[in-house]
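According to TrEMBL, the protein carries these features:
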- 83-218: domain 'Cytochrome b561' (DOMAIN)
- 89-107: transmembrane segment (TRANSMEM)
- 119-143: transmembrane segment (TRANSMEM)
- 163-184: transmembrane segment (TRANSMEM)
- 196-217: transmembrane segment (TRANSMEM)
- 223-243: transmembrane segment (TRANSMEM)
- 286-307: transmembrane segment (TRANSMEM)
C-alpha cells in the first residue's frame, strides 16, 4: 500500500506451480485503478466511502464502524421490563412464600441442626428475605437503566399505574423495616414481644400489598399481566392457602401429642418451646417443605410462560 493506491498481488494456490511461458518470468505487478479522492472524502467514514463507490477497503479483516441503527443494543434496553418482572417474581413468588412457610411451621423441626451458627430455619428465613430485597432492587434498577439508555417514553398515569408505583415503593420501605425488626431484637421481653408482633404483622401486610401491586400491572397500559397469567396467579394464591391451612391443622395435632402446658399461643407466631428434642413427624414436614418449594417454582414458570411481554419479548425487536 502506497500513496498512489492499493496494489493487489495474484498468488498461486498452495501446492501448485505457476505456468509461465517458456523463457519468461512472472508478469510485472500492475497497480489497480483507484479513483482519485478529493479533500472532502476525509470527512466521511470508510464504510460511507465504500458505499459511494470511490474507494476500496484495502483489507477485509479490518472491522469498520457499524452505524448506530445496526449496532447490537444492550439487553437491558430491549428487555428491561422483562428483567424487572422476572426479578420481582423470583423474590415475591418463590422466596417470600418459602421464608414465611419455614418460619411459621418449622421452628421445632430438626431443632438441633444449625446453619451458619443459627437454627437452620432462621438462616433460611433470613436469606430468603435478604435475597428478595436484592432481587427487588435489581428489578427497579433494570427499569432505571432502560429509561436512561433506551428510547425515550413517558409514563401513562392511570389508577393501576399509580397503585403499582406508589404502593410498590411503600412496600419496599416497609420491607426494609420488616428485616430490621427481625434481625435486631431487644433483650427486654416486653419490647421484644412488640418487635415480634410488628415483624409478624408487617410480613403479612407486605405480602397482601405485594399481591395488589402484582395484579395492578394488569391495568397498566404497558403491563404484562393478561387474563391467563392472572388466573395462574390466583390459583397460586389458592394453593398457598391450602398448604398453610393444612400445616396449621398439622402443628395443632402435633401439639396435642406433646401435651404442652400451658397451651401454645399461635398468634402472632408459634414460639419455639422444644429445645431438647424435635416435634414428631419431622420427616413428613420436610417432604411438605420440598414439595411446597417445587410448587412455587412451577407457578413461577407458568407465570413467565403466560405473561405478555409485548414487543420487548418479540424476536422482531432484536437488531439484525
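Cβ coordinates come from backbone N, Cα and C, glycine included.
When Cβ-Cβ distances below 8 Å are used as the criterion, the transmembrane segment (196-217) is approached by residues 85, 88, 92, 96-97, 100, 160, 163-164, 167-168, 170-171, 174-175, 177-178, 181-182, 185, 223-225, 230, 233, 237, 268-269 of the same chain, each at least six residues removed from its ends.
According to DSSP, the secondary structure content of the domain 'Cytochrome b561' (83-218) in residues is 108 helix, 4 strand, 24 coil. Here the domain 'Cytochrome b561' (83-218) has a mean pLDDT of 87 out of 100.
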